[in-house]
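One structure is given below, represented as C-alpha cells, and several questions about it will come after.
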Amino acid sequence: MAAPSSNLNCEDFAEFQELLKMMRTIDDRIVHELNTTVPTASFVGKVDASETCKGLHQSLSEAHESRERIIKSCIAQTSNVVKSLQEERKKSLEDIALLKRLRKEQTKLKLMQSELNVEEVVNDRSWKVFNERCRAHYRPPKSQ
C-alpha cells in the first residue's frame with residue numbers, strides 16, 4: 001500500500017505516526033492473511049499457494065519500501081529544519097522561542113529516526129512469518 005506523497009506531512013509527528021500505522025496494516029494482519037490464504041497440507045490441492053505467496057511477497061516488499069521511503073524523507077526534511085534553526089540560533093543566542101523551537105524539532109527528528117528501528121522490527125517479524133508459511137510454496141528472488 002503506497003501512501004500518496006502529496007499527503008505526506010512531516011511537520012505533525014502524530015500525523016506521521018498515524019500514516020505509518022495505517023501503512024503497517026499489512027504487517028499487522030500477516031498471520032491472518034497467511035492462515036486464510038495459504039492452505040494447510042490437507043487443503044493443498046484447492047488453492048494455488050505459490051501464486052498466493054508470490055502476491056503476498058510483492059505486497060510486503062512494496063509496503064516496506066514505501067514506508068522506508070516516507071520515513072527517510074521525513075528525516076531528511078526535519079534534519080534540514082534543524083540545521084536551519086541551528087544556523088539562526090548562532091546568530092541570536094538570546095532568542096528563547098527559537099531555542100524552544102529548535103529543541104522541539106530535534107526531539108521530533110530523534111523520534112522519526114527511532115521509527116527506522118521500529119520499521120526494522122516490524123519487517124523482520126513479517127518476513128519471519130511469511131517464510132515459515134510460504135517457504136514450501138514460493139522462493140522469492142535473491143534481491144530481498
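The backbone N, Cα and C atoms fix where each Cβ goes, glycine too.
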Among 75-102, 103-130, find the range that TrEMBL records as coiled coil.
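Comparing 75-102, 103-130 with TrEMBL, coiled coil matches 75-102.
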Looking only at the coiled coil (75-102), what is the model's average confidence as pLDDT?
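It averages 94.
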